[in-house]
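Student: Quick one: this structure, given as structure tokens, is what I'll be asking you about.
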Amino acid sequence: MPNENGTHMNLTHELKASSSRSSFHQSIPMSDPDVKEIKGNEGVRILRPDSALGLASGTGSEEAGAVAAIRMPMLQGYNFKGGTPELVETCYAILVLVLPSANSRNWSYPEMEIVEVVADQVAVALSHAAVLEESQRMREKLSQQNHVLQQERKNAMMASQARNSFQKVMSNGMKRPMHSILGLLSVFQDENMNFKQKTIVDTLVKTSSVLSTLINDVMEISAKDNGRFLLDMRPFSLHSMIKEACCLAKCLSVYKGFDFEVGVQSSLPDQVIGDEKRTFQVILHMVGYLLDINSGGETVLFRVLQDVGSQDKDKINVWRSSTQDNYLHLKIEIDIRGGSSVADASVSTKNFSSEKRNKDEIKESLNFTMCKKLVQMMQGNVWISTNSVGFAQSMTLLLRFQIQSYVQRTMFAAGNSERSNSYSRFRGLRVLLADDDDINRTVTKKLLEKLGCEVTAVSSGFECLSAVSHAENSFRIVVLDLHMPEMDGFEVAMRIRKFRSRNWPLIIALTASAEDHVRERCLQIGMNAILQKPVLLQGMADELQRVLQRTGEGI
């Protein structure tokens, strides 16, 4: 039989194994003249007495008789994998037959014909065995691959279950309660309060809003593979945001035993466009991180100024634009000074992506990675400065905001002037509210009642359909949570639109998702508006007003 490399013929099968052989597996090179002649021709060949092939196939020490040999075509697995016979090289084995030495005779013609028949049968048997052997190897290989795939599938299912469990815990344990808190705080904001009370409530609203945004970001990152989410770009007061951030930073610093000093450049523009909540979130993270890794008794220096871009051009090279005059490059520096751990220590700038020198340097934790991702999405940069022994001493944040033009400020102010704290225009408006969460349903009902609406609240899609179907219930507005068990908001809206007109009743969807496909599906079904959670008092009033005006029922 030919070996794997095709260089030698090995003696692999023997009818009577000789005990005198030192090794069963004898071989002869393919270049042997007899081997070449037999492989190149059909029929039986009678070998010479001194033939190497005959001697290798003999019975050892005994003198062998006449030796006959014939080629046998061998089939392999690749013969059944397609292609034409001309393109498949035929593999041959050699069948060698030796007459007993006692019979001093040659092979007769009838015997050689029998040899040819036997060779065909042996070739079939050996080919069959070779194919079965290769098939067995393939089955074993496929079995191993299937085992690996099954394990990978199991791991993927476990990861998916873990992600779903995390999403469920975050939604039920943090997201929904935070939405309810924000809804109630928006009611308090509408009450008549003194300055101190208003400051406390506004601070609670700001911190709760930042925490709600952080929870949403964590859930959105865990649900997506690309780890990206949409920024909430809108006009806001930069001076007000900085003031609130300084107040919270001072409270945290004093609580941790630090003194606090602040310096804000007076010439900073006020009205800018950007993601206020996530900027606030990044600032609080910077303050909290530095306070956690430093001991008390030191001073926190909080500085806000406009970056001229000269010494930091190499760090923010994405800010090259012909309209740079319309943008504010803001630098926020938070520095820890005055402690023994950082006194008289030289400071070296360090990027977040560099390797840590010791255990006290910056760590790539989940919240730190998110913080860096947020800053990069806002076309900015953030880095840490350490002293000579590797302790974090300061953090610097660079962000870009679009400066709100006079026309934009005028339009924004005009839009705000249309709002009125008087909600008498909604008095008597019949609203049906459907939400399966008891707390959120109670809070949303309070918001609508605060606006003067007459509210009927139900806890499921079936109850919502039942309430709408009664003739005596002439609800003008249906506020519908999209994610309810058994029958979700999409199914409820489809059934309502199947039997009612598009403008009666008006349907407002409540959802925590900001995905475009959710909004498109709502509009395709026939919903009139989508209100993103958390639902606040003014946001509910604005949405009701827009929906009624859009249908020509201004109130």
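Including glycine, each Cβ sits where the backbone N, Cα and C put it.
According to TrEMBL, the protein carries these features:
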type	residues	note
COMPBIAS	1-10	compositional bias 'Polar residues'
REGION	1-35	region 'Disordered'
COMPBIAS	17-29	compositional bias 'Polar residues'
COILED	132-159	coiled coil
DOMAIN	430-548	domain 'Response regulatory'
MOD_RES	Asp481	4-aspartylphosphate
Student: Around the residue listed as '4-aspartylphosphate', which residues of its chain at least 6 apart sit with Cβ under 8 Å of its Cβ?
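Tutor: Once residues fewer than 6 apart are set aside, the residue listed as '4-aspartylphosphate' is near Ala434, Asp435, Asp436, Asp437, Asn440, Gly489, Ala509, Leu510, Thr511.
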Student: Averaged over the coiled coil (132-159), what pLDDT does the predicted model reach?
Tutor: 90
Student: When secondary structure is assigned with DSSP, how many helix, strand and coil residues does the domain 'Response regulatory' (430-548) contain?
Tutor: 55 helix, 25 strand, 39 coil
